[in-house]
């Protein structure tokens, strides 16, 4: 039930553990901060982390005549969330499903959730280019996907996988909105100086190679990590941080390509 959704953005990563879900949740919160109504769909069936990151674990989803009702983060209902994590009794419960069952669940998430009118739907995907991604692209053909944001870390081993992700996007006809380099440097929580602990500028170099925008470079900032488990936006808590600056830039980028 995506008829009421104006803009659909897919967040991808070639490798797991690069902070894609953190980027997805904080981007959703940043869009809400800018006055938009936002939906966040977590289709990482085997590693759903969005409920934890937003402090929504233990919340229930319900069925209505129109389908599943998403979980709202507050009474304003400006951020709606759907994740398989809400269907699991325990965060440690594994999802042991073969491909066809995963495909069926993702189709349900995309067609049977009662999203109200949304300015943006952010889809947080699992890493890689698997059945889940193909299913998403097939389901979005009718309504259209407005683009993908690819998250990477600066190490070469991660960049190799992102090159595959870029090829996947081109073959499936997804517009790449840009690349975000995450975990580039460590911000000292005391003096806030940033020190590179991995290689640097890998995301920018890859964006140049692929001829797509480089949306920004996010450091490892312990102050951002503390926000996990809440619906607090970096824009509110750390407005002068590099993370807030990059998120603001991405929001402005989305405004330029969005359907109003």
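Backbone N, Cα and C define each Cβ position, glycine as well.
What you are looking at is a predicted structure, and each value in this text was computed from that prediction instead of being measured.
Here Swiss-Prot flags 14, 15, 16, 17, 18, 19, 20, 21 as ATP binding site, drawing on sequence analysis. Look at Swiss-Prot and you will find 188, 191 tagged as [4Fe-4S] cluster binding site.
Structural mapping of features recorded in Swiss-Prot.
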residue	record	Cβ contacts under 8 Å, 6 or more apart
14	ATP binding site	127, 128, 129, 150, 152, 158, 160, 161, 162, 163, 164, 165
15	ATP binding site	127, 128, 152, 153, 157, 158, 161, 162
16	ATP binding site	47, 126, 127, 128
17	ATP binding site	127
18	ATP binding site	127, 151, 152, 153, 158, 182, 183
19	ATP binding site	151, 153, 182, 183, 218
20	ATP binding site	11, 12, 13, 124, 125, 127, 151, 182
21	ATP binding site	42, 44, 49, 50, 53, 124
188	[4Fe-4S] cluster binding site	194, 195
191	[4Fe-4S] cluster binding site	none
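What surrounds the ATP site, by Cβ distance within 8 Å of the Cβ centroid and not counting 14, 15, 16, 17, 18, 19, 20, 21, is the set 13, 127, 151, 152, 153, 158, 182 from the same chain.
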